[in-house]
Amino acid sequence: MPVQLTTALRVVGTSLFALVVLGGILAAYVTGYQFIHTEKHYLSFGLYGAILGLHLLIQSLFAFLEHRRMRRAGRPLKLHCSQRPRSVALCIAAYQEDPEYLRKCLRSAQRIAFPNLKVVMVVDGNRQEDTYMLDIFHEVLGGTEQAGFFVWRSNFHEAGEGETEASLQEGMERVRAVVWASTFSCIMQKWGGKREVMYTAFKALGNSVDYIQVCDSDTVLDPACTIEMLRVLEEDPQVGGVGGDVQILNKYDSWISFLSSVRYWMAFNVERACQSYFGCVQCISGPLGMYRNSLLQQFLEDWYHQKFLGSKCSFGDDRHLTNRVLSLGYRTKYTARSKCLTETPTRYLRWLNQQTRWSKSYFREWLYNSLWFHKHHLWMTYESVVTGFFPFFLIATVIQLFYRGRIWNILLFLLTVQLVGIIKATYACFLRGNAEMIFMSLYSLLYMSSLLPAKIFAIATINKSGWGTSGRKTIVVNFIGLIPVSIWVAVLLGGLAYTAYCQDLFSETELAFLVSGAILYGCYWVALLMLYLAIIARRCGKKPEQYSLAFAEV
């Protein structure tokens with residue numbers, strides 16, 4: 001069968017499959033068919049809930065199977081090309097980084113157990129206030145003939161003040177020379193954003209290495225992270241990129257970082273592990289990822305010059321990098337055997353801005369990703385449809401309940417959300433062997449109250465660019481993220497007041513259900529609050545080097 005015909009059939013097939021999945025979920029939602037229900041529908045279980053429950057069950061099953069496969073992958077690495085050892089370059093993107101985090105990052109890079117690993121750190125900024133990062137580079141990795149640096153007035157796409165065309169070309173050659181000649185190199189360049197920084201590292205390396213590992217400057221790497229990701233790429237030539245397990249370095253600094261830590265574990269070890277089973281991980285995270293350099297150099301220019309609705313894209317760099325690999329028909333994988341720790345926002349507003357930026361890139365890349373559904377397993381199509389449209393179904397459900405339901409319906413909805421969260425959290429406790437994962441059930445409320453409006457705001461402002469979150473040396477508070485959250489809270493409170501005003505007096509049965517549900521919900525929150533305070537009290541006074549992961553060195 002001709003290749004063009006096969007491709008056309010796959011495109012038609014995956015498109016029809018996506019429509020069937022979306023149509024099925026929509027039909028189940030609209031019809032509201034219920035399998036069982038009590039008198040007056042105080043309690044019920046319907047088709048829509050069954051579909052979501054089945055999705056979680058299947059996702060958890062394949063995640064478990066992928067983890068079992070990972071545990072069997074501990075045999076010695078056999079390189080396909082015995083004549084020449086594989087070469088790897090670690091590219092670190094740095095922007096106004098907290099000095100302590102940067103030191104930890106560079107020290108961890110120095111301890112990576114891989115021979116002749118090349119480390120390239122590119123600093124986004126060449127002003128006087130940025131030189132402290134070069135000083136830290138000299139402190140940790142400098143002082144030997146293997147280290148080199150260059151302070152560049154320009155970058156590859158924008159000339160600095162006083163630069164001529166000749167001096168710009170000379171600067172480009174100097175950057176390449178420093179990177180090629182040095183085991184450890186640091187390039188300071190004119191500010192241009194994270195994508196510009198990553199481009200400089202990739203462009204300067206050219207075809208000098210086999211694989212490129214990416215890392216953020218707030219990341220602490222496990223010494224075995226490189227060899228474990230390399231193992232995945234070497235064992236299957238059809239795998240173009242692989243990501244590792246990203247955990248939180250500052251998880252006990254605040255409640256938001258603590259909840260983020262359990263959410264991170266769930267996202268990587270359940271959601272991405274499931275995607276990895278089918279070879280279609282949709283985002284290789286910036287703190288820990290590795291790509292075949294031969295592929296990366298193919299799409300480097302297209303990746304850098306990406307546009308959306310006529311505007312140049314300056315966020316979602318890692319997700320688009322992953323999508324470019326998928327667009328070539330190569331598989332993307334995840335391995336929990338490769339680990340790192342990374343910083344996460346400890347303040348609500350900074351976390352909200354980060355989530356809004358990630359949501360922007362998610363929806364934009366969802367559209368791009370849909371062009372390549374036909375090149376991969378049907379799971380990629382199915383999961384993209386479910387996760388892409390789920391927030392909109394949830395928003396419609398919440399608004400309908402708060403404006404057309406009863407007080408009991410609202411309380412039951414909250415209880416159901418927490419019940420689903422508890423089920424997922426219990427499975428995570430079993431999979432990880434850590435009771436702290438029970439707090440994953442609280443993240444569902446954070447999702448409902450903050451992430452839903454942030455996603456809508458992200459769609460409305462999808463063409464707004466920038467780093468999204470400020471550098472960590474100087475934290476800049478951006479209150480714009482509070483606007484959609486405030487509107488959402490006002491909508492919900494208005495619906496609650498309207499429902500309470502319109503509802504008739506409670507019957508004895510309704511009152512009993514309402515009081516019982518409220519007491520149960522309150523006890524649940526009190527129990528988790530006490531557990532959280534106990535965990536924090538136990539951690540109080542412990543130093544960072546006592547964290548469970550040995551590579552989290554100060």
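Just so you know, glycine gets a Cβ as well, placed from its N, Cα and C.
Swiss-Prot annotations:
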CARBOHYD  Asn463  N-linked glycosylation site
TOPO_DOM  1-15  topological domain 'Cytoplasmic'
TOPO_DOM  37-44  topological domain 'Extracellular'
TOPO_DOM  66-378  topological domain 'Cytoplasmic'
TOPO_DOM  400-409  topological domain 'Extracellular'
TOPO_DOM  431-441  topological domain 'Cytoplasmic'
TOPO_DOM  463-474  topological domain 'Extracellular'
TOPO_DOM  496-516  topological domain 'Cytoplasmic'
TOPO_DOM  538-554  topological domain 'Extracellular'
TRANSMEM  16-36  transmembrane segment
TRANSMEM  45-65  transmembrane segment
TRANSMEM  379-399  transmembrane segment
TRANSMEM  410-430  transmembrane segment
TRANSMEM  442-462  transmembrane segment
TRANSMEM  475-495  transmembrane segment
TRANSMEM  517-537  transmembrane segment
Intrachain neighbours beyond the transmembrane segment (45-65), with Cβ under 8 angstroms and 6 or more residues off its ends: 24-25, 28-29, 31-37, 269-271, 273-274, 277-278, 379, 383, 386, 416, 420, 423-424, 427, 431
Segment proximity, the transmembrane segment (410-430) to the transmembrane segment (517-537), 3 or more C-beta pairs under 8 Å: yes
When counting Cβ pairs under 8 Å to the transmembrane segment (442-462), the leader among 16-36, 379-399, 410-430, 475-495: 475-495
The transmembrane segment (475-495) versus listed stretches 16-36, 379-399, 410-430: most Cβ pairs under 8 Å: 379-399
Surrounding residues of the transmembrane segment (410-430) on its own chain - C-beta under 8 Å, 6+ positions past either end: 42-43, 49, 52-53, 56, 60, 262, 265-266, 269-270, 397-398, 401-402, 437-445, 448, 496, 499, 514, 517-518, 520-521, 524
Contact set, same chain, for the topological domain 'Cytoplasmic' (1-15): CB under 8 Å, 6 or more residues outside the stretch: 373-375, 378, 381
Helix-strand-coil residue split for the topological domain 'Extracellular' (400-409), DSSP-based: 8 helix, 0 strand, 2 coil
Positions on the same chain near the topological domain 'Cytoplasmic' (431-441), where near means CB under 8 A and six or more residues out: 63-64, 67, 258-259, 261-263, 265-266, 269-270, 418, 421-422, 424-425, 528, 531-532, 535
